[in-house]
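Working notes for the structure below.
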Amino acid sequence: MTAYSERAGRRVTLMLIAGSGFVTIAKGMSLTFIAIRLQRDFGLGPMAVGALIGAGPLLGAIAAPMAGALSDRIGRKTVLVVALFLTSLALAALGLASSVAMFAAAHIVSAVAGSVYEPVSRALMSDASPEHLRLRAFSWRYLAINLGWAVGPMIGIAVGAASSAPFIVAGVMHAVFAILIACVVASPKADTQAPVPSFVGWRRLGFALQDRRLLFFVGGGTLLLAVHGQWSITLSQYLGSNFEDGINLFAQLVTTNALTVLLASTPARFLIERIGARNAIALGCILFLAGEVGFAASSAHAALILSMIVFTLGEVLVVPSEYLLVDGISNARNRGTYFGAHSLTSVGNFLGPMLGGVALATFGGAGMFFLFAVFAGASAVMFLIGHTMPPPHCRSRRQDDAAPLASRADFQRLGLAL
């Protein structure tokens, strides 16, 4: 879409990494306690809480692809600033809401705006990062986000968990980051060799989804998010109903997950650089599968902790590798559209808790973990198939603008060659 100088690109990339951690702290200190607030202040039961919380990601999955395509047209900065300000207002409204209807509306706006922020920020990072540093940038971003989730809830407890204060403070933090992006991120000169087409929205997204590589990546990513995107929801229910000290055990597993992410992120990045994103994501899926089997077979605390370590090692491999694969099949003209289309995978954040809950209620913990193990294996197959697909044959100039022709050299340059 646009061209940054290397110096400006590094500055923007570092700001996005730090900013992602900053806004994740804001989410962690507020949204972590959203279910508690719904139960305590509004008297909602588990099913109503689940339906209300799940509505946001579903609507976000619809809005995010549109936002990605729009960012190709009007610029990443504009979309990011608007999304962050909307999130800021919505979080403040969550803290001040006095009715279920107001709370639900604010939550949906917050979730949709957050879903818009994610793919567009990743696209801007790809635009700004020197190509040889993109894997490192995605890995650092992932690490910053996990640090945010580790620190945010503790700050929320200190401020006053489930009170209005964390939501209002989180809203202010999003507004600060929006202002920083508006002031710091320049609008670089457009790449005249790669003009952005005049049409946006679902039509542009439709052309992107004609790329079968992207379709398989979206399918595999959806299954992966069902496995790891909301693991705390399904695992906490299983532990709470099957272990006498389930709450304490769950806290230990959450801590294990956070520590493993912190310790393993850098070695995982070096491994991805060495074996390539395709092999890394396949290995990560195998580790997910092994972790789920371990959860199903474990009754001792030590075995569950070991299974969580294996599970988390899969997580630190698949997250940056998945973004790198999408980056490798896109180009400057359509990167926002491709990352936006990839954000359809957020449906997995709804499918995981829903299908996992059904499996847990019907077949017990073993059935739920087996389901997620199957998802992990199927995801690996989809990514491997997608990686072997040829680039789409562009039959017109308009289609050429919407779908990239990636050469083998492009894959080799990113470390993704077959």
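Using N, Cα and C of the backbone, Cβ positions are placed for all residues, glycine too.
Copied over from TrEMBL:
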- 12-36: transmembrane segment (TRANSMEM)
- 13-391: domain 'Major facilitator superfamily (MFS) profile' (DOMAIN)
- 48-67: transmembrane segment (TRANSMEM)
- 79-97: transmembrane segment (TRANSMEM)
- 103-120: transmembrane segment (TRANSMEM)
- 140-161: transmembrane segment (TRANSMEM)
- 167-186: transmembrane segment (TRANSMEM)
- 214-233: transmembrane segment (TRANSMEM)
- 253-272: transmembrane segment (TRANSMEM)
- 279-297: transmembrane segment (TRANSMEM)
- 303-326: transmembrane segment (TRANSMEM)
- 338-363: transmembrane segment (TRANSMEM)
- 369-389: transmembrane segment (TRANSMEM)
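In this chain, the transmembrane segment (167-186) lies close to the transmembrane segment (12-36): three or more C-beta pairs between them fall below 8 angstroms, excluding pairs fewer than 6 positions apart. The stretch from 12-36, 79-97, 103-120, 214-233, 253-272 that makes the most Cβ contacts under 8 Å with the transmembrane segment (48-67) is 103-120.
Sequence-distant contacts of the transmembrane segment (79-97) (same chain, six or more residues past either end, CB-CB distance under 8 Å): 23, 26, 30, 34, 67, 70-71, 103, 105-107, 109-110, 113-114, 116-117, 120-121, 124, 163-168, 170-175, 177-178, 181-182, 185. Within the chain carrying the transmembrane segment (140-161), a Cβ under 8 angstroms from the stretch's Cβ atoms is held by residues 16-18, 20-30, 32-33, 36, 122, 125, 169, 258, 261-262, 265, 316, 319-320, all 6 or more beyond its ends.
The stretch in 214-233, 279-297, 303-326, 338-363, 369-389 that contributes the largest number of Cβ pairs under 8 Å to the transmembrane segment (253-272) is 303-326. Tertiary proximity for the transmembrane segment (369-389) is limited to same-chain residues at least six positions away from its ends with a CB under 8 Å from its CB atoms, namely 212-217, 219-221, 223-224, 226-227, 234, 278, 281-282, 285-286, 288-289, 292-293, 295-296, 314, 322, 325, 352, 355-356, 359, 363, 416, 418. Residues 208, 250, 254, 285, 288, 292, 311, 314-315, 318, 322, 325-326, 329, 338, 341-342, 344-349, 351-353, 355-356, 372, 375-376, 378-383, 385-387, 389 of the same chain lie 6 or more positions beyond the ends of the transmembrane segment (214-233) yet place their CB under 8 Å from a CB of it. Confidence in the domain 'Major facilitator superfamily (MFS) profile' (13-391), given as mean pLDDT, stands at 86.
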